[in-house]
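According to TrEMBL, the features are:
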- D85: active site, proton acceptor (ACT_SITE)
- R16: site 'Important for substrate specificity' (SITE)
- T86: site 'Important for substrate specificity' (SITE)
- Q168: site 'Important for substrate specificity' (SITE)
Amino acid sequence: MNNTAKRIYLASRSPRRRELLTQMGVHYDVLLLRESVGRLDVDETPMPGESPAEYVERIAITKAQVGWQRVCQRNLPRHPVLGADTMVTLDDTIFGKPASPAHAKEMLAQLSGRIHQVMTTVALCYQDTLTHLTSISEVRFKTLTDAEIAAYVATGEPLDKAGSYAIQGRGAVFISHLSGSYTGVMGLPLYETANLLQSYLTTKSL
Ligand SMILES: Cc1cn([C@H]2C[C@H](O)[C@@H](COP(=O)(O)OP(=O)(O)OP(=O)(O)O)O2)c(=O)[nH]c1=O
């Protein structure tokens with residue numbers, strides 16, 4: 001993309017999202033939503049009866065909106081704020097990040113030999129305009145042995161990843177098939193992100 005003079009804010013602590021946004025040539029500043037605590041002040045608890053798609057959209061939208069509020073509160077230069085959320089689903093169960101190595105092992109045992117979905121919503125907030133797009137991919141895992149799961153969890157890689165694996169890391173060796181967006185599984189679907197930024201450029205003349 002030709003965004004030489006344009007900037008956005010990325011409301012994310014994820015190094016993967018930074019890497020992917022850099023890959024598409026977007027100039028951005030990272031916006032930490034609550035710097036003193038080092039965590040997003042976005043409650044990521046699913047609401048009762050909320051579907052996985054509703055959940056991932058709500059969280060991504062909230063990150064972008066909270067980011068925009070921070071831009072205004074801190075009187076920062078007004079640029080659009082991008083937020084994203086990634087989630088793994090299997091049989092309508094939401095798999096977020098594991099709470100512990102034991103939890104990661106449980107998730108991987110459930111994903112073993114099955115096809116699951118990975119959803120990532122990207123949301124862009126600027127002034128009174130909010131746009132969002134969702135990428136949905138299907139990932140097939142080979143059947144994992146207990147020893148493979150234990151060895152993988154021991155690497156530490158699964159611990160900050162939705163579904164307890166990283167397609168961009170050692171977790172790739174478990175994936176026999178992907179249908180969808182590699183960058184979406186990794187946390188920032190670049191096709192959808194480019195479309196969001198493009199529609200913004202045409203409607204608001206960034
Ligand atoms: C499935 C999968 C997830 N992930 C990561 C992407 C996301 O960083 C993470 C899901 O957690 P998220 O809550 O979507 O994001 P985050 O907390 O890491 O970052 P943010 O500050 O933007 O809220 O899982 C991978 O890196 N590779 C994968 O293959």
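Heads up, residue numbers simply count up from 1 along the chain you see.
Cβ atoms are placed via backbone N, Cα and C, with glycine included.
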Sparsest-packed of the listed recorded sites (T86, Q168) - C-beta count within 10 angstroms:
Q168
C-beta crowding around R16 (site 'Important for substrate specificity'), within 10 angstroms:
20
For D85 (active site, proton acceptor), which residues in the same chain are close in space, meaning a Cβ under 8 Å from its Cβ, but six or more apart along the sequence?
V56, I59, A60, K63, T120, T121
